[in-house]
């Protein structure tokens, strides 16, 4: 029997409202699992008992893999499988309420109806719909009891990512844009391009009901390593053949370029870009997700819960060994249950898409249960030792004699790593500190006990480590102490004024020979170019404290500085007849400001003018000025405006128009760049009214 082609009404508006999917821009039905949706179709003249519905997903739908369901009409919705309940029917059409199970596979489904009449059956395709995770539903693995948290971690398209360093935390806005046109399709395409899918498509699709599986797969797919994933990392300091990682303001442009290029990795990303793109993908699929910034973050490459930094006798930070301490590192937390570990490990799970170390042969990381990290349960899946080290590793600072290869411990510190762990507040543009959710108070007995427990579980307690310092080295006490103090403002375009403060801790005079360097670095503290060096000999009377001013002029560092705007200043102090003392400080400079004004009231579908003003703060001309603007519900895509060069201290003012498409609190992201200042970022909150 030739199948008649019924016409289907998917009740897009009503279903989307019920399922919290109204923000998607799509003509396709998008619903969440474990919740009923209504569909009306006509053209079946059959009594209801003769109808069988078929919902199927993936390349080889099968009942065993839970990627195929067949169900007739029943009087009530099933709590276990798929079901259909008749809402109303007339001679020509029928309205059905369809429910999916709480643990259904997510993705794009085909829905068809099979009719049987006088012994022969025919099947008619009703169309496709997309099924997502449902954090509003108590049966779902991603259920989040707080509605405000669901709004923030699934529906909010604006985020703030924290950066800088622990002495100087800054934040910048990001447009996650998970509801922008085509982003959902791109997220579905990402899943279908993973190594797991390529090896065994049917099995991969059957695991897509599990947020811990998808979180892990997507942490691998967001970086380009192994699988031609979305973003290619670059930590070299040169980005000519791509976009500088600091220049992005949202994930939409990155995901769209990946698709447009025929799925070639987008150049370039660094940690916050990987974390932001993963946030977009997971929020889009319905898994509550946020970005987390860890300051003084350890990259412990060899798994000994220790990071070693090496300096030569001039005070140059040497790139030696695979360990490093980053000024900050950004990863993700996603919210779901851990049926594999038990209820006490459910809740926030750490995922990290930055390709730092392989896990199971692939650059992927997590999900690591946050409570497992806090309790030192480093033997639990997945990748807990690496994450534990990021927030807890001990630091060892060594002097390396380049001629002989001999290394001498300068000092060790157990309270350096994992500070001011930060995320954006729910419903507000503020920073929230979550350090206490990752570890017990620094220096407390509990915190040291957990560290010992983790070392023990990793087998580090019992095994001799020839690279570790001796107890005698660790216990040695220096004769002097030192620190760098900032005197004045830390702004690109201004001179950098510091004080080196040295104090004699002993009751006899000390002669100290000091070698100082300043290098421009990346945010990973990788040294890029030398800016300045100097040396001096000083004598400190008993218990004396002395201050030595250091002035590094703008024209000395301007050519050398990276777009991360970070400088590491080091003084290595050789004390006569005493042990060496290392004084170092990482400095994050701020860009000058830009001012954004909305001229008039912002109303839905009405033009409103915005003005952006920038004053060139330096005494030379700045050129190649570009203004980039984006913001969900305020404009489509990215607006790019070229601005004429600005003479010394000249002010520019640029106007453009927005047409907001939706009411509510919206964020406009503005990024201004020129040859002397890279990526001056700000955001403006705009309240749009109907």
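Using N, Cα and C of the backbone, Cβ positions are placed for all residues, glycine too.
According to TrEMBL, the feature active site maps to 271, 329, 352. Look at TrEMBL and you will find 392, 394, 442, 447 tagged as Ca(2+) binding site. Positions annotated as compositional bias 'Basic and acidic residues' by TrEMBL: 10-23. The domain 'Transglutaminase-like' annotation in TrEMBL covers 263-355. Feature annotation from TrEMBL assigns region 'Disordered' to 1-23.
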>> Tell me the Cα distance separating residue 442 (Ca(2+) binding site) from residue 271 (active site), rounded to the nearest angstrom.
In response: 25
> Apart from its near flanks, which chain residues at least 6 from the ends of the compositional bias 'Basic and acidic residues' (10-23) lie with a Cβ under 8 angstroms of it?
Replying inline: 29-32, 35, 37-40, 127, 129, 132, 134, 136, 150, 154-155, 157, 179
>> Using the CB centroid of 392, 394, 442, 447 as the Ca(2+) site centre, which other residues of the same chain sit with their CB within 8 A?
In response: 391, 414, 415, 417, 418, 439, 443, 448, 451
>> Can you give me the average pLDDT across the domain 'Transglutaminase-like' (263-355), rounded to a whole number?
In response: 96
>> If I take the Cα of residue 352 (active site) as reference, which of the recorded positions 329, 392, 394, 442, 447 has the closest Cα?
In response: 329
> Could you state the CA-to-CA distance between residue 447 (Ca(2+) binding site) and residue 329 (active site) to the nearest Å?
Replying inline: 22
> In sequence order, what residues of the same chain, 6+ apart, have a Cβ less than 8 Å from the Cβ of residue 392 (Ca(2+) binding site)?
Replying inline: 298, 305, 417, 418, 439, 450, 451, 454
> In Å, rounded, how far does the Cα of residue 329 (active site) sit from the Cα of residue 442 (Ca(2+) binding site)?
Replying inline: 19
>> Based on DSSP, tally up the residues of the compositional bias 'Basic and acidic residues' (10-23) by helix, strand and coil.
In response: 7 helix, 0 strand, 7 coil
> Including all protein chains displayed, how many Cβ atoms other than that of residue 271 (active site) lie within 10 Å of its Cβ?
Replying inline: 28
> For residue 394 (Ca(2+) binding site), which residues in the same chain are close in space, meaning a Cβ under 8 Å from its Cβ, but six or more apart along the sequence?
Replying inline: 305, 306, 307, 412, 413, 414, 417, 451
> For residue 442 (Ca(2+) binding site), which residues of its chain lie six or more apart in sequence with Cβ-Cβ distance below 8 Å?
Replying inline: 415
> Of all the recorded positions given, 352, 447, which residue's CB has the most CB neighbours within 10 A?
Replying inline: 352
> For residue 329 (active site), what is the tally of other C-beta atoms lying within 10 angstroms of its C-beta?
Replying inline: 27
> With DSSP, how much of the domain 'Transglutaminase-like' (263-355) is helix, how much strand and how much coil, in residues?
Replying inline: 18 helix, 41 strand, 34 coil
